[in-house]
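A.B. asks: According to TrEMBL, the protein carries these features:
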TRANSMEM  A:15-38  transmembrane segment
TRANSMEM  A:59-91  transmembrane segment
TRANSMEM  A:111-130  transmembrane segment
TRANSMEM  A:142-160  transmembrane segment
TRANSMEM  A:180-202  transmembrane segment
TRANSMEM  A:231-253  transmembrane segment
TRANSMEM  A:259-275  transmembrane segment
TRANSMEM  A:280-300  transmembrane segment
TRANSMEM  A:312-332  transmembrane segment
Amino acid sequence: MTSTTEPSQRGGINVARLLMSFGPLMFLALLIVVFTVLKPSFIDPINIFNIMRQISITGLIALGMTFVILTAGIDLSVGSLLAFCGMVAAVVAKGGTANTLSLSTSGTQGYGWFAALLAAVVVGAMAGGVQGFAITRLKVPPFVVTLGGLTVFRGLTLTISNGGPISGFDASMRWFGTGLIGPVPVPAIIFAAAAILCHIVLRYTRYGRAVYAVGGNAEAARLSGLRVDRILISVYVIVGFFAGLAAFVLSARLNSSEAVAGIGYELTVISAVVIGGTSLFGGIGSVGGTVVGAALIGVLQNGLQFNNVSSYTQSIVIGLILILAVAFDRWLKSRVRR
Amino acid sequence: MSPAEAAAPSPSPALLAVEGVTKRFAGVTALSDVSLEVRPGEILGLLGENGAGKSTLLKILSGVMPPSSGRIVFDGVEFNPHNPQDAKRLGIVTIYQELSLIPTLTVAENIFIGRAPLGPLGLVSWRKMEEDSGAIIARVGLNIDPATPVSALSVAEQQLVEIARALSLKSRLIIMDEPTSALTETEVQKLMSIMGRLRKDGVAIMFVTHRLEEASAICDRMTVLRDGRLAGHLDRDGGPIKLPKIIEKMVGRAASELYARPTLRDVAGDVRLSVRGLRTVRDPQAPHAIVLEGVDLDLKAGEILGVAGLVGSGRTELARAIFGADRIAAGTITLDGKPIAPETPADAIALGIGLVPEDRKHQAIFATLGILTNFSIAALGRYSNTAGFMAERREREALASYRKTLSIRMASPEQPIEGLSGGNQQKVILARWLARDPKVLIVDEPTRGVDVGAKAEVHQILVQLAARGIAIMMISSELPEVLAVSDRIVTMRRGRITGEMPGIEATEEKLMELMALDQTQEATQ
C-alpha cells in the first residue's frame, strides 16, 4: 500500500500545513507537560492506560462522527443510541431482560458475547440508516432528525429495560471492557484498531474520497456522478455502527447496561471531532485529528481529577479550554494563510 | 412615452464624473483609463461584452473596492468610498442582479430595514412603516400590500421594491446592473416606464446591460467598454441610438484578434447526440424559472456546436436536461442512435456524457480539497482497484500528464484548488472529464472568470478534443468566443432554438439578431 506518500509532506507550503495539523497535538503535549509538572505521577503508565480506557468509548463514536461531520452533517443521537445498543446487547447476552447480577460464568442461558456484539452493531447501523434515510429522502436536516433520534432511542431503551439496568455478564464478554493485552487495556486496543481502519478508509479508498467530496461541495459531487444520497446514508450507518461497538465495550466494562448511559456523550464526541480540526462545514478533517481531540478531552478530564479539582469546576475549565483549543487552532491557521 | 420627450441632454454639470480610472488585479488590468459622466435627469447606458470591465467599474463606484488610480467626482466633490455604506450615504445606490432583499421579511420591513420608524415608546411603529412604504412603492407603480413577504413576489416586483428602497434613501444616482435579465417582456416595459419617470424627477440612472434593444430604447447616452478600455461614447441624436452603431463600438475589431480563429470545418461526422422535442418541467416553487419549450438538436462526433443565447434563454437548462441534472417532461434523447433517459448525472456520466458547469465555484470545484481529488472525482473507478483502494500512483501519473498537456500551473497535487487562478481551475475541471474519455462533452461558459491568456488556451483544448472525435457542445454568452471555436452555431431564446448556421457564415450581428429576436421591439414604440 502507498503508506510512503503522505500527501501533506511534499512541496513548498507543507511546513505550514504540518504545523496546522499539529496545532491540537501541540496543545495536547502542553497539557500533558503542565499536568506532569503539577503532579509527576500523572505520567505513570497506569494513569496513561487509564486515560486510554476512558477515552476509548467516546473515541470510538467520535471516529464515526468524523465521517458524518466531514459531510457537513451532525448526529446528536449517539448518546441515546449507545444506551439503546447497550441494552440490546445485554438482552441478547443474557437471553432476556432479567436483572440478575450473576457472578457465575456458566449458568446463563444467553447467546454469548459474539451475538451480543453483533446485535449491538447491527442495531446501531440500522438506526443510523433510518436516520440517514430521513435526512436524504425526507429532506429533514440532520440536526432535526438526530435530535428526534436522541429522544426516540432513549425512549426505546427505557421501554425494553423498564427503566432499570441489566447487569451481570459472563467473563468472556467482560474481557472486552476490563481485560488487558500485556499492559494495554482491551478497549484502548479496540479504539486504536478502529482508528487505524478509519484512517485507511478515509485516506486511501475511493469511498473516503467521495466522503470528502460530498462534504466539500455536494452539488459538485452530484454533477461529478457521485450518488450523494447513498454516501450520506452510509456515514450515518457508520456512526451508528460505532455507537453500537462503543455500547458493547461500555457494557462489558461496567458489567451492566444502564438505561441512562451515554447522556451528554454527543457533546463530548462532537467536541473531540471539532477540536481535532474537522470543519463543521464539511470537507476538511482527519481521523488523526479526531484521535488527538479525544485524547485532549480525556487528558483534561483525568488531569483535573488528578489534581482534585471539583467536578463543578472541572466542567467550567473543560468548556473554556475547548474553546481555547479551537481558537488556538484558528489562530495558527490564520497565521499560516498569510 | 415617446423617447423624444425624454429630458434633452442639456449640458448640465455632471453628477458623477469618472476620470481616468484604472484597476489592476495581481498582474491583470481589468480597467484601463476609463472616463465617463452621468448627469442628473438622464439615463446613461453602460455597455460592453462579458469581461469588458463593467462589473469592475460598478464595484468601484459602489465602494466595494478602490481604484488603482484615477479620480471619481460626485456632485463636485472627490469621492473615495471605502465601503458600500459610504456610497449609500452620498446617495449612490447600486441594484445588483442578485437582489439583496431578505425574502422572509415583508416589503415594508425590507424598505425600512435598519431604520424602522419608531413610536412614542421607542418601539417600532408598524402602522407608520406600512403607510410610508405604501407611498414609496406607489411611486414605482407597485400596487401591493406592504405587509406581503418578499418571497411571495415575482422577481420583477422584487426589483421594483429595491428601486423603491433606493428612492426612499433619497438616492440621486441609481446604478442598475442587468436589471432586465430575469424579467418578462411586459415587466421590462413597466420597468422602463418607471425609469423614464425617475428621469423626469431628476434622478440620474446608470443602466448596465448587454441587451442592446433595451439600451437603445431608453438611454440618453451610452458609454461602451471593451476589454477594460473605453471604446467610446454615443449620444442620442434626435432618435434612439441605432443598434449597428452600438455593436460596432462593442465589437471594435473586425472579429477579435484575441481569438485565434482555427479553421472551422463543416464536420461530416455521424450524429452522436440527438435531441427531439425536449421539454422540462415547470417547478411550481419557481414559476419564473426558464423551461425548455421543445428543443431539437443534433450534435455530431468531432464537432464543436456553439450554443449562443442571453441569460435566461434556456441554454444552461438544455445542458442540465441532457446531463440528467434536471427533470425532463417530454422529448427524446438518443446517443449513437440508442435512446437514453438519464435520470441523474451519474447515469449520464456512465453513458459517456460530461458537463463543465457554468458556475465553477458552486457546481464544479471542491474548493478546500486538493487538486488531485478535484481531478479524479468523476473517474474514481478508473483510479482504484476492485477492493476500493485508490491507485494513487496511477492517479498522480494521470494528473501529471494532464498538467503537462493542458499546461496547468500548480504547486503540487495536494494544493487546495481554490489557490489556483480561474483558468487553471477550469483546466483541472476539463482534465476531470478527459480522464473519463467522454463521447459528449458539454461546456457551459467555459471561460467565465478566466483571464484573457488562459481563454485562448481553453479554446485550443476544446478544438483539440473535437479533433479527437469528442462531440462538444459549447454554451457561451460571449459571441467572439462562440464565433472563434464553433463549427456550427445554434441560437436560443426563451427555451427554444431560434436559428442555426455554420460557424463560417456567422457574424456577431447575425447571432445577436437571432438571440434577441423581438426581445423588446414593443418597448421601443
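Every residue, even glycine, has its Cβ placed from backbone N, Cα and C.
Caution: TrEMBL annotation is automatic and unverified by curators.
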A.B. asks: Which sequence positions outside the transmembrane segment (A:180-202), separated from its termini by at least 6 residues, show Cβ-Cβ distances below 8 Å to it?
C.D. replies: 45, 49, 52-53, 55-57, 59-60, 63, 66-67, 70, 208, 211-212, 242, 245, 249, 253, 286-288, 290-291
A.B. asks: Please give the sequence-distant neighbours of the transmembrane segment (A:280-300): residues at least 6 beyond its ends with Cβ less than 8 Å from one of its Cβ atoms.
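C.D. replies: Beyond its ends, the transmembrane segment (A:280-300) has Cβ neighbours at 21, 24-25, 27-28, 31-32, 35, 51-52, 54-55, 58-59, 62-63, 65-66, 69-74, 195, 198-199, 202-203, 212-217, 268, 271-274, 317-318, 321-322, 325.
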A.B. asks: Any chance you could find the range in A:59-91, A:111-130, A:142-160, A:259-275 with the most Cβ pairs under 8 Å to the transmembrane segment (A:231-253)?
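C.D. replies: Highest pair count goes to A:59-91.
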A.B. asks: Apart from its near flanks, which chain residues at least 6 from the ends of the transmembrane segment (A:312-332) lie with a Cβ under 8 angstroms of it?
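C.D. replies: Distant contacts of the transmembrane segment (A:312-332): 19-20, 23-24, 27, 271, 274-275, 277, 296-297, 300-301, 304-305.
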A.B. asks: Near the transmembrane segment (A:111-130), which residues from the same chain, at least 6 beyond its ends, have a CB less than 8 A from one of its CBs?
C.D. replies: 75, 77, 81, 84-86, 88-93, 95, 149, 153, 169-170, 172-173, 176, 233, 236-245, 247-248, 251-252
